[in-house]
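Engineer: Sharing the features that TrEMBL gives for it:
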DOMAIN    1-85  domain 'BLUF'
Amino acid sequence: MVPPDDQGEQLLAIQALSHIRNVELDLTGFLVSTQDYFSQYLEGDADAVSVLMQSIRADTRHTDIKETPLLVELDYRLFPHWRMTCFPTGCFVSRHVEPILSGCFNKMDTESVISLIQFVRQTAPDLVRTPAD
């Protein structure tokens, strides 16, 4: 866990590195951070996601990594223009996102993950593109 005072800076540093790496691997997704949880949603080629996850698992700063299985294979990306969009810790995220992330981490079920994805798509529609875009 990142100390609360350092979370904002750490998350921005992670976002910057993730953006570069995701461009190289042609991945898209987002980061969400709360006081208790850090979550990253990735989409792209399964081999590219696997390469990134191997790197994440090898990094000793990451602990208690939980991965959800592939939900469904889509012919399009839900977040095609987000090389790594970031939702940092704050009142809004803590109030609305933390309960969803808690469900994701405690249940590790598809329903909780879908709830998080739907919440992000509804909360930031100006940043999200549809398959027709």
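Glycine too: its Cβ is placed from the backbone N, Cα and C atoms.
Explain the structural surroundings of these features, please.
Structural biologist: Across the domain 'BLUF' (1-85), the model assigns an average pLDDT of 80.
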Engineer: Per DSSP, what is the residue tally for the domain 'BLUF' (1-85) in helix, strand and coil?
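Structural biologist: Its residues divide into 35 helix, 13 strand, 37 coil.
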